[in-house]
Each structure stands twice: as structure tokens, then as C-alpha cells.
Amino acid sequence: MKSAETVSRSVTDSPIIVALDYNDRSQALAFVDRIQPASCRLKVGKEMFTLFGPQFVRELHQRGFDVFLDLKFHDIPNTVAKAVAAAAELGVWMVNVHASGGARMMRAAREALLPFGKDAPMLIAVTVLTSMEASDLADLGLTTSPADYAMRLARLTQTCGLDGVVCSAQEAVSFKRELGAGFKLVTPGIRPAGSEAGDQRRIMTPKQALRAGVDYMVIGRPITQAAEPALALCDILASLNGEA
Ligand SMILES: O=c1ccn([C@@H]2O[C@H](COP(=O)(O)O)[C@@H](O)[C@H]2O)c(=O)[nH]1
């Protein structure tokens, strides 16, 4: 069996994954040091990984957080398989690929994780980015709706044996009905009432997303760009617990 870096998984039932999209490591860690691993998991994406690399992920692990490495691998099967195995060696909790990379690519990624056994990260695939709407698909020559195209990619992902998909919370009810409760739904595009949608198009509030049955909601700017990010996280958690 291949070994992952020794990382003890945090024990949290929080559905929140905070997208740590900062360009400043100290600012990111100042926020992280004000929250608890029981409150949320953390997502490291293309910006922070490009700036600060695997060492930054290790620093989050040392602080007890589970990390979703959101690099959305999309390449030939051999390259994606090796990248996913490198993520597993780093000990991340979750890693992802683009479903539009196709079935052979997704199967290669899944097979690359087999040697890690129970230490393998969850492997999920991005369906249709939550920033996309029908007109964006039309630009690509796709005349289907984002929800229908996302469903098509989610079915393919499930057939390939992955653990779940990234989709919009707007798609959660129909995906859970069709793909089953065990197939994980990870949903960015979460916006508390009154917060800016920005570049996101298929959005829902945290409470709506929870009711729709998502497993994990990814929240970035509504927390990280708030005047008090740790307080913004607390407020969202309270709203999910029916306290606000
Ligand atoms: O379809 C997708 C896939 C990934 N993301 C990522 O989630 C966060 C969302 O951040 P916000 O600031 O809450 O919009 C960001 O890191 C994206 O890269 C996504 O938004 N949609």
C-alpha cells in the first residue's frame, strides 16, 4: 500500500468548506488561526497552490484542518492519474478532476488512488462550473441547459466510480433523486441573502443548499472578503443551525 503523509483527519460534521482564495499567506493564516477544524474544512485552489505550493497545504494539516485540493485536473489520463496520486501522497481529504476530461481520464484517476486504500482522498469531478449559464454553454456549441449537461456529466462520473461531483446547489434535489444519497454533492456558488453574486450564476443561500440536500457547500468571498471573516463563518453556521 502507498503511504500518504501522516495526516489525522479532523472530526467535523460541518457541511462548510471555506475557499481560501487569498494572495497573501499571512492573511489566510490569520483567518485560519481564528477558526476551529470542527467548524469547517478548507479548500486550497489554483491561486494559493500556485503561490505557496504543497507546504501551504501541510501548514493547514498541521493546524488540524481537512483540505480539499481544488486544482480541477483536466489533462490526458496518464497526467491526471499521476497528479491525483501526488495529491494523495500529500494527504489531502478531497481532490478533483473535470468530468469533461472524459471516462478514460476519470477511471485512470480513480485507479491511481487504489494503492492508497483507506487513506485515499475522496475523488470528485466538476460538472458545469457554477459561474456558467445557458449562454456560456451555447458559446461552446452546447444547446442543452446547465442542469441537463451537469446531470449528463454526473451520470458519467458515477459510472466511472468516483465519489461525487461539484455542481450547483440548484441541481441537488434532482441529482440526489437520480444518483442516490451516497453520491456526494459539493456545491460552490453559495451566497448568503444580500451578498454579491459576483461572477457566480447558479447560486443558492446556505440554508437553501442544506435543505436541497447538498453534502458540502463551498463558500469563499462571502467569508474571506467580509470585514470579520471568522464572524461571517460563525453567522453562516448559526443560520444553518436555525439560530438566525
Ligand atoms: O463550479 C465551480 C467549481 C469551483 N468553484 C470554486 O469555488 C470557490 C467559490 O468561491 P466564491 O468566492 O464563494 O465564489 C472558488 O474557489 C472557485 O474556484 C466554483 O466557484 N464553481
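From the backbone N, Cα and C atoms, a Cβ is placed for every residue, glycine too.
The following features are taken from TrEMBL:
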type	residues	note
DOMAIN	15-236	domain 'Orotidine 5'-phosphate decarboxylase'
BINDING	D21, K43, 70-79, T130, R191, Q200, 220-221	substrate binding site
ACT_SITE	D70	active site, for OMPdecase activity
ACT_SITE	K72	active site, for OMPdecase activity
ACT_SITE	K72	active site, proton donor
ACT_SITE	D75	active site, for OMPdecase activity
Cβ atoms near D70 (active site, for OMPdecase activity) (within 10 Å, other residues, all chains): 25
Inter-residue Cα distance where the pair is D21 (substrate binding site) and D75 (active site, for OMPdecase activity), in Å: 23
T130 (substrate binding site) and K72 (active site, for OMPdecase activity), Cα-Cα, nearest whole angstrom: 13
Cβ under 6 Å from ligand 1: qualifying recorded positions of D21, L71, K72, D75, G220: D21, G220
C-beta crowding around G220 (substrate binding site), within 10 angstroms: 19
Mapped DSSP class for P77 (substrate binding site), helix or strand or coil: helix
Residues that sit under 8 angstroms from T130 (substrate binding site) by C-beta distance, when 6+ apart in the chain: V166, C167, S168, T187, P188, G189, Q200, R201, R202, I203
Proximal but sequence-remote residues of the same chain as L71 (substrate binding site) (Cβ under 8 Å, at least 6 apart): G45, K46, F49, A83, A87, V95, N96
Neighbourhood of D21 (substrate binding site), C-beta criterion under 8 angstroms, separation at least six: G45, E47, M48, G220, R221, T224
